[in-house]
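A.B. asks: Checked TrEMBL, it gives:
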TRANSMEM  B:16-37  transmembrane segment
TRANSMEM  B:57-76  transmembrane segment
TRANSMEM  B:88-109  transmembrane segment
TRANSMEM  B:129-150  transmembrane segment
TRANSMEM  B:171-190  transmembrane segment
TRANSMEM  B:196-220  transmembrane segment
TRANSMEM  B:241-260  transmembrane segment
TRANSMEM  B:280-304  transmembrane segment
TRANSMEM  B:316-344  transmembrane segment
TRANSMEM  B:364-386  transmembrane segment
Amino acid sequence: MSDARDSRSDLAADRRALLRGAGGLLAVLLAPGVTLYALGGTEAAARAPGEAVSPKVRWGLLIDVNACPAECDACVAACRTENGWADTGHSATDPHWIRKVSVRDPASGAAREVPVMCQHCASAPCVDVCPTGASFRRADGIVLVDRHICIGCRYCIMACPYKARTLVHEPVHDQTADAPRGKGTVEGCTLCAPRIDAGRLPACVEACAAKGAAMLFGDLNDPNSAIAKAVAARAPARIRADLRLDPGVGYRGL
Amino acid sequence: MAKLAFQTLDDHSTPFWALIAFHVALVAAGLGAALYMEENGHIVTGMNNQVVWGLPHVFAVFLIVAASGALNVASVSSVFNRLAYKPYARLSGLLAIALLIGGLAVLVLDLGRPDRLLVAMTTYNFKSIFAWNIYLYSGFVVIVAAYLFSMMDRQAAKSAAFGKAMGWLAFGWRLALTTGTGSIFGFLIAREAYDAAILAPLFIAASFLYGLAFTVLVLLTMSRETRDELMPEEMLGKFRGLLAIFALAVLYFTAVQHVTKLYSAAHQGVELFLLRDGGVFPLVFWLGQIGIGTVLPLALLAFAPRGTKGRLAIELASALFLIGGLAQLYVIIIGGQAFPLALFPGMEVSSPALDGEVGRYVPALPELLLGASGVSMAMLIVALALRLMPFLPKAPAGEVSANAATAQGLGASDPMPSGRTL
Ligand code: SF4
Ligand code: SF4
């Protein structure tokens, strides 16, 4: 999608900005992360080294629940492959960067399936409560966990109303270069930031396009983007809109 | 006013050594458990993605809350000028520091990445109440230490103004600390169990109770050890009265907390869960917190013989209050998480991430050992400090009573003011 390509955002640049503000000790602790992200970025066509993430952009998703078939699992499967997470054999501690929630109205019996991931809240409680600042919101609206500063206190999991984050409870192997994971740290949907920075679509959106085409991704701040037009035409529903967290993910047909 | 005398512990009885050995063993086991958790990840605990804070948090919050309360005796003596409490001011400050360190140790060792403690101490997000608490906690240790210095240093002790100022500072700080600890839960907007302004006063009342219960237990143990009447009859009566008042205050705030939420339609679900339908949580609440942790010790305080003969009953009651405190925090912390988050209020939901399901949590041994080791760590710090420096009063019963008689204690002259009405 062109929106993604336009954004010359770069996670490594973000990292460097963080580094400038932090002390020498922190720099040492962070250094491996810089390398990881920088490596991930070199393959990216749209990468502009050194250019900061643009605050003019707000990445968002619009999910049409009516177009999402009950038996389809394509978005979840794509996320697993892209980000290297899998079931652990212990359901209560399994990672879930994205999940499909079956929702049934007990009054009418109407049922639907809702893909739920981190909602990339503009007023993110996870970011507010994080003691170290490991939970942070990029200028373009993507909420991430810096795995190199996260101390695993789990306060963000407690604070997130969407059950969007999980703690890595066991040692992990076979990580992908773009999605570092680590035992004892917290993780969740990154909106595929490294892919977005490379001008590509998030993995779930790409996989969904071939199935129900229920997901629309783009820059909410760009009035010409498809998602901004759709949102302008009719305001989307939000999960727990009452909490007023201004999520970047909206829904149709909730 | 007679001059106060203090003593160091220099000789230990066999039972005392046994107690020390028990605490050393528990601390060792706790550290071993922490290493084991660090090595294998939190999978070896009962915690999961539904209940992310388990038994270690129950113990840690318990100890931190108790720490601020333990300072009360010192505050009462210097801030409110109750001379009767003066002999216990040093011990009270020491206990406050020790309990806080025990609680913080558990909190840190339960982190997913305890090795990153340095990151936690050098990287701050100033919006986070957690980060503020790091300052509140370290400030507390420094201020109480300075307060102890003002009492114990020969030169400094001459300046009444310095001691008084430190006393006030420590008192203000302890209120902030308890509020800060309680606020950790206040920021969890989506968790229905924590959506209550009453949690702040509840935590403060609870801190008074746990802190005093710890103080009484240590004093009675030390009385046995020093064969000195550290708590003469009069003080025993005062402490007895205070314990009862604090326990009733906690009971009152607990009742307000639950009753107000029961009457709000939005919170009825979580209340019925905690009080009636939630399996283990109503059990822990009614049997643990209310029965064993409140009613039984209150009855003990009310019906035990007056005077020094009631000593054993008061000791037992203090221990029961502490058990009740753990039960209370178990219900608040773990029960509050086990109740499912409502992403779609009013709907029936299910998902592979266990949406809509009650969080399952069975504490595992490593967690229990780690949590309990925090208490032992605090007790070892106290024992060591008592040996190194004169924290304990040396109190010929008559002298302290004479002191106490000239001062009006908080518990008034009636040793059991509230007990009589029970
Ligand atoms: S959905 Fe949860 S994890 Fe994601 S930004 Fe919002 S509060 Fe944070
Ligand atoms: S678990 Fe990590 S990301 Fe979450 S609040 Fe704690 S330090 Fe921040």
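Cβ atoms are placed via backbone N, Cα and C, with glycine included.
Because TrEMBL annotations are produced automatically, they should be read as predictions rather than curated entries.
Since this is a predicted model, take the numbers as computed values, not measurements.
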A.B. asks: Could you check whether the transmembrane segment (B:241-260) packs against the transmembrane segment (B:316-344) - three or more CB pairs closer than 8 Å, residues at least 6 apart in sequence?
C.D. replies: yes
A.B. asks: The transmembrane segment (B:280-304) and the transmembrane segment (B:57-76): do they have three or more Cβ pairs under 8 Å, with pairs 6 or more apart in sequence?
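C.D. replies: In this chain the transmembrane segment (B:57-76) does not contact the transmembrane segment (B:280-304) - fewer than 3 Cβ pairs sit under 8 Å.
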A.B. asks: Give residue numbers and ranges for long-range contacts of the transmembrane segment (B:280-304): same chain, 6 or more residues beyond its ends, CB-CB under 8 A.
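C.D. replies: For the transmembrane segment (B:280-304), the far contacts come to 240, 243-244, 247-248, 250-251, 254, 273-274, 310, 312-314, 316-318, 320-321, 323-328, 330-331, 334-335, 338, 416, 419-420, 422.
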A.B. asks: Ranking B:129-150, B:171-190, B:316-344, B:364-386 by the number of C-beta pairs under 8 Å to the transmembrane segment (B:196-220), which range is first?
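C.D. replies: Ranking B:129-150, B:171-190, B:316-344, B:364-386 by Cβ pairs under 8 Å to the transmembrane segment (B:196-220) puts B:316-344 first.
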A.B. asks: Other than its close neighbours in sequence, what residues sit by the transmembrane segment (B:316-344), given a CB gap under 8 Å and a spacing of at least six beyond its ends?
C.D. replies: 50-55, 57-59, 61-62, 65-66, 185, 190-194, 199, 206, 209-210, 212-214, 216-217, 220, 243, 247, 250, 254, 269-270, 273-274, 278, 281, 284-285, 288-290, 292-294, 296-298, 300-301, 304, 355-361
